[in-house]
Amino acid sequence: MASSLAAQLSQIAANSTNQLNLKAQRLAHSKSLIFDKRVAGSQDFDTIYDICYDGFRELCQLDFRFAQFERSIFSEQSKVQDRTEMNVEQNRELDSVLEAFLALVGGRLLLSPAVKAVEWLIRRFRVHEYNTRFTILTFLPYYSTPVFLNLLAILPDDLPSALKVLIPYKRSAINPVRQALVQNAISNRDLITTLNNYVLQVCRQRAHHHALLAFWAGIITEGVAGMLDSSRSGRRNVEKQKHDDIILQILPVLNDGFAMKDVSELVIGCYMVCVVLAQKAELQDRVLDGLMEAVTGSWTEETMSSGLICVAVLAQQKPDPILPKRVFKAMLRMKDPLKQLADISTEYKTSQLLLGLVAGCVDSLSTQKDSARLELLSSMFKSQLLNDADTAKAMTFVLQAASAVGGTISLDTQTQIAEIVQHFSRSSSLQPVFQKVIDESSIDLSVIEYNLQTVIESVPVNKAIEDVEMEDADKTETATDGYDSALESLAKESSFSTSFLTAQSIPVFDKLVQTFALSAGSPERVSAFVELPVLCKANATTSPQFLSFFVRVFTGMYPAGVKAAALKTISSIVSSAAWSDVDVQALLPFMLIALADPSERVRSGAVDALANIGKVVDKKKKSGVWARDSLYGKSMHIPWLSSSDFQKILERAVLPELEECRSDGEHIGRALENALRGAASDSASAIKKPLRLAFFTYLCSHAVHLPLFAPRAGLLNLLNRVDKAGGTTRTKELEPLLKKWRDMSEQEVAEVHEKEQISVSDFEAQVLKTVTPKEKDSINLLLSTVTPYSPSLRASFVSSVFNRISEIWGKVPEDRQITAAEKLFELSTQASESPLVDNARDLLRRVELPGPVLLNYLQQIPASITDIDSLGPAPKRRRTSQNNMVAMTTKDEAKLSKLMDKMTFILELVDGSSPEAHPELTEWLFQTLAALHHFKSQIQSGMSYLLSLTLGSLLAIVNRSRASSKPQFDTSVVRADLVVDCVRTTESPQVQNTALLLVAGLSVIAPELVLHSVMPIFTFMGSSVLRKDDDYSVSVIDQTIDQVVPALIQSLRHQKRDVVSGTSELLLSFTAAFEHIPSHRRLRLFHALITKLGTEEFLFAVLAMLANRYSMDKAVLVLMTGLVSDADATVELSTYSKFLNLVGDSLKSKPGISQVLLGIGSDDGREPHKVAADLLRALAYLFKHSSLKVKIARALTTETDDSERIRALFSNILEQVLAIGESMQSVKPVHQAAGDVLSGLFSTLTTIDFLDTIEALLKRPDDALRRKVLSLLATRLQQSPERDGASQTRMLDFLTVLVDIVQSSPDILLKHAAVTCIDRITEKYGKKEPSMVTSAAQVVASASCIGQEDDRIRINGVLCLASMVEVLGQAMIPALPEVLNRSLALLELSLETNKVNARLHDAVFTLFSALFVHLPYMVSASHLDRLLVLSFKSAASDEDLDNENRQEALHFMARKVDMAVALASIERNWTQAVSAGPSATHEVLDAISLSIEKHPKSATMKNLSVLTTILFRAFDLRREQTQSSESAFDASDLEEIEDLINDVTIKMIYKLNDTAFRPIFIKLVEWATGLPEKNTQGGLARLTTFYRFLQVFFGTLQSIVTGYASYIIESVVSVLETASPSNPNTKSLWLATMRMLRSAFEHDQDEFWQSPSHITKISTPLISHLRHATSTTTGALVATETIPTITELAVAADSTDNHKELNTVLMRFLRPSSASLSSSSTKRAGPGLGGDNPQTRIAALKTEQALTEHLGEDWLALLPEMLPYISELMEDEDEGVEREVRKWVKQIEGVLGERLDDMLT
């Protein structure tokens, strides 16, 4: 044993209390997010839950997803959940719920409800300790806010490694800075990983929010960039390895992020990371492709713009501009990808992406099924998004693709590619780049030209080389392009019978043109082609087949090379001699079309052909027109020109312009326009008017009769430049074409597009352009094409017609606009469902309608309503019916619907036509408003939309008029009553607001017309508009108040009316609306109203009306306080004086202004007394909570001019309040409220002024007033005591007044109030002058106070004395004798049977608590004895007494009173404590325990004798109670008391050393075993108590006191031989013995029980208790108590010999006694030692199992001895025994690792 038992005991004590460290628990409980540590520490979980649950409920209203947590972490059950008591699985489940909630609440942490809800997680579940990482990450996006600083303050010191960066900021109590977080992310990859995992988890839960994702995106982007920068190295392989590590860390995050497409901010953040990776790391091409595919696969409409930037940056890093197929297809699917790329190209490089798109567009040209790719390609070059170098690369891609296609592409694809290549050479910006590409590349242009059947213009080419190359190409292509077979097939065709221009679909033409395209590049092939019989070349001069074929080719949608070849063929034909007598004017329209072709090569061919025709014409004299009757078919009649006219046209209008046309495709249009308009009269070259007319009609007739649309489109393009010529117009001449086009069906139009490849929309626009705005009936003509409507009309044509009308509308004179508008309106109001209605309406909305049109429309509304008026019910029925619409038939309803639609459309047109520009509409808008009101009453409909439109138009006109010096319209037409009706009768907020704004505007322009009907407006505002919280409604209210109220007040003043009563309805409207006005707008709104009305005149009225209507509603009181806070002191006091006048007026028999403002005396008014009480309570609140006190003090200190007025107003208010109080003494509510006002009024005074005032009031005879005044003083002292010297001195002087009241007043309540004031003064100022308070204490302790019969004054006096003791300390000693005697007498009185006074009882114990703390030495032994006896009586009382005060007093006694005095008193009164019962005994033992704990060791040693005496008496309690006939303790009480005694004894032992304690222990052993043998029951009781103590003794002090067991071995053996669990008298002792032994064995570290002398004595008696297992019940007891004890003994024995001895005894119980024991052993072991009973054998087997489990192989060393027993037991007759032995065998096999079968056989 150690030399210093005390030191070792102290160490054990320290270790044993760690788990019960109450201080640490209180500290943990005080960790709060929103409360101060001190406040938080005082809160219980019920209080916390109520606060936090309110926040949680608000969250549920914000987001329904929070509701799921109401059943778990916010349930009532959660208040008692302690995670320290949960197992691992339960904690894991709880963590998942907590993290789900934190994730969801993260987005709302700046809202107060969210912080409250999280507070519950912190206080109840301590998430900041158990879920630290997740909690910090939830708050981290708000790292710069105060709430994050609050979190830092409560976090544990040891933060997760990923978040160590926060530790310095936690220590310094400052917010972290962003740069620190970024730097840590760079250097600490754990932070990046942790943050990524958190963000992904939150997003999967769909709890993401902007703050989190914005924070995450910024941190991870900067972090990854910094990581990549910091990993740069001079060694490339090292740097690459580091970069690869970073990429591998980030890619899984990107993969998970891209998968959540709907979380747009997360996806955009991933795009940002991709950009960083692309720019900072050298990514492999496959990685770039993978990232691009991931980006395009993840984008949505919302993220597409950001994704496109990301793809552009990634593509920029690729060495080759080749896009993955998925990326290219995704780009194609985008809406207008080039526009989006153009938008981002200003900030990001897009060249590689664009080049990738080019490469994708020209990839696999032969397999492309549509034109989308080539259209995109064409747009790319036109958009010029690439610089010259990149444009050159793009051109190279196209040219390489074009040179590689051969003859495998379709004609359409060939044409589109040819157009693109031609654009390269035609475009002024692209041509230089194209030229450079050709010069620098090895691309064979001839191959491209051949493949595309075009000629690339403006590129100088050596003709000889070109011819040779073309020949070579021809030779090489001969075998592969199919030309020969096609030509051979066509050679078999017979001659075509008519012109190739007669029809769209001619099968043989399609074959011919394909073959001609193949031959166009070879003169030999062309020569062979023209000789085909089907072309009838031999009859070309007389029949149209030959030339018509080539005309159709060069005017169709074919490659330029093919067109040029056709023109060349024509040119060569017509220049031959055979054509010298032929008039070929039929070719002129087509040649003009060719001159306008975009291809210079085609234009050149046309120029050459026309030049040849011009040469032929010169030689002609008179000849017939070629193909005159057969060009378009037999039925076509063209007004052909005469040969001379044709010659003039050529010579004057065409041939001179040819060379210009060769270089400029637009020139022919200008030339033709000039020619047809006519030149100067003196010009020899001018074309005369008749010829112009003939030429114009000639061209127009071709445009009309030409069956083909491609050449017709070209001709129209030229003709639409000319409005009129030679007295006719193009509209007139081309009208047949317009009608033809109109009559075509959708299918026919589709065929045109399919066969001729023209744009239908462009052609349709050209056709409709034939109608010019200069045409007189142009709009009527256009309308005639769609009216009457036919279902066969194409919708696109109808839409185009109305678009054309819209285009020419502004160029048409106003009179025609008016006429057209009427027709359009008729169309728009038709009942049919034709598209004409919608198109007409849309047109009317788009065009600018003149004022007369709008006026005409408006005039139709009243007339229409009058017409339909007859549909309504009869007048009588209208007055009585609740639903007038019932009277209408279905037909009537249809008419009504039509009328509503018509009116809506008219008003929409007016509203959309800038009505402010048409003030002439004002009268008819008001007429319309009147008609709508009338109609509304008839059909029982609100018609809000119509009213809104009408009012909106009027408002626009009025607002424009307000800006001018005088109204722009006749104000006599204004109908303010109608506008007010709109305000009152509609439910539409839009209508209400617009009407209010209109009233406000009219009140400026014409106030005399508005103000007489303004009051209903404010009534309406109160019930409707004031409730709104949108910015528009706020603006409406502001304008209404600003503009209407001043005008109203001015009007009342002019009429010499009282302005307050005159505006009562207005005030009532606003006050009635208070509860509906959004809270944050109330103060601003009422402040604006009062300011406009006049604060001094109206503030009191508004306050009174609010108080009358809402009484003490907190929100109203706050508003009232805010309203008075802006007024100065004089205005505020004046307002209160008027307010009190109004209260007085309300209490008169004949009220005045209060009847108007408050409804006093009216039928529906409230009782005057209730109104007065409410008003006074509100006024009291204002006095207490306004800033009046500060205002008065400031004004009086500075002695301003208002000082005297303030004093006068204050005096007047005081007199008013006192007068109301005196006159209303019989009306308690009003009298009390007046007292509250008085209290509030006094609160505005300084302390000295206040005391002077109440001292004067105390001299009044009215006791009620005096009590009220003292109550005010007590309240003031409690709330805000003054600390200046003068105030303190004046307050102490006032004690004499109060003492005098206590001594002399017969009024108990007044005395009570005086004592309360004495108490408060003592508490606040007593230490300044203790002597003055001492005299007061003596009075309070005298018969005048606590000596009275009234319990109220007694209780208050005793509590006052307690306060005096705390404040005065020793100065209280003179009063103590009387205080002690009277207080103990009162305590005894409070405990009288059937007269228990709990409050008095508590007050006395409170007094003694103060005495024990401050004057413990002044409480004598006799007083202490008396107090203890009374406290025992209190504890034993059955009455409902509060134990807390009594127990607190006893605790203070134990801690503060001298230990000797206290213990002596307890020892003297121990018997009374026991007699009083368990509660008293418990409390006195608590006192002893606290005394030992709080006093030093020396005090314990000094009082050891008396302490031991008390403990021995306490230990003997069980014996006394068991032998007593009237026991007050039941078994549970005894066990609880003994547990407490054991705890006290252990605490005493901690204060002793071995020398002091060992004698006490020996004495205790003697005491326990020293009773005479005949006192069996007493001996059993003492041993039970003693062994229960020893169990705690060995369990607490452990190995230090194991040696003390030597004193008890003999006693224990004796008990083991006699005690039995089946004997009720010894069962308790048996249980105590087993548990004590187990505790002693368990903590043996000094080999005490290994000693044979010790173990031999105890082992056999202990093991023999297995014999008591004879039934299921006793077997269970033995299993839970005896077997563990035997096991612990075996563990402590720890030697083979000892184990063998134990096993020998144990195995006897595995067999029946006859089989297991010899006669000698049986004799030695005693009777019944064996396993006769199966339950005994089972118990022995369970013991073996326990020993095997705890000792393992050490125990199984005895297996050879056990095997015979095991074999026998496996064949035991009892199934239970057999089952247990098999379990043991399995256990043995598990330990040994081998089976026992061989050993058992």
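Backbone N, Cα and C define each Cβ position, glycine as well.
Database features (Swiss-Prot):
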- 102-122: transmembrane segment (TRANSMEM)
- 136-156: transmembrane segment (TRANSMEM)
- 581-619: repeat 'HEAT 1' (REPEAT)
- 939-959: transmembrane segment (TRANSMEM)
- 995-1015: transmembrane segment (TRANSMEM)
- 1038-1076: repeat 'HEAT 2' (REPEAT)
- 1110-1148: repeat 'HEAT 3' (REPEAT)
- 1244-1282: repeat 'HEAT 4' (REPEAT)
- 1288-1327: repeat 'HEAT 5' (REPEAT)
- 1756-1794: repeat 'HEAT 6' (REPEAT)
Review point. According to DSSP, how is the repeat 'HEAT 5' (1288-1327) divided among helix, strand and coil residues?
Key: 36 helix, 0 strand, 4 coil
Revision key, fill the gap. Per the Cβ filter (under 8 Å) with a sequence gap of at least 6 from its ends, the repeat 'HEAT 5' (1288-1327) is approached by 1247-1248, 1251, 1255, 1258, 1263, 1266-1267, 1270-1271, 1273-1274, 1277-1278, 1281-1282, 1333, 1335-1336, 1339-1340, 1344-1345, 1348, 1350, 1352-1353, 1356-1357, 1359-1360, 1363-1364, 1366-1368
Practice item. Give, as a single whole number between 0 and 100, the mean pLDDT over the repeat 'HEAT 6' (1756-1794). Key: 90
Practice item. Using DSSP, break the repeat 'HEAT 6' (1756-1794) down into helix, strand and coil residues and give each count. Key: 30 helix, 0 strand, 9 coil
Study note, to complete from the structure: Secondary structure of the repeat 'HEAT 1' (581-619) by DSSP, residue by residue, totals 31 helix, 2 strand, 6 coil
Exercise for review: Summarise the repeat 'HEAT 4' (1244-1282) by DSSP state, stating how many residues are helix, strand and coil.
Suggested key: 28 helix, 0 strand, 11 coil
Revision key, fill the gap. DSSP composition of the repeat 'HEAT 3' (1110-1148), residue counts helix/strand/coil, works out to 31 helix, 0 strand, 8 coil
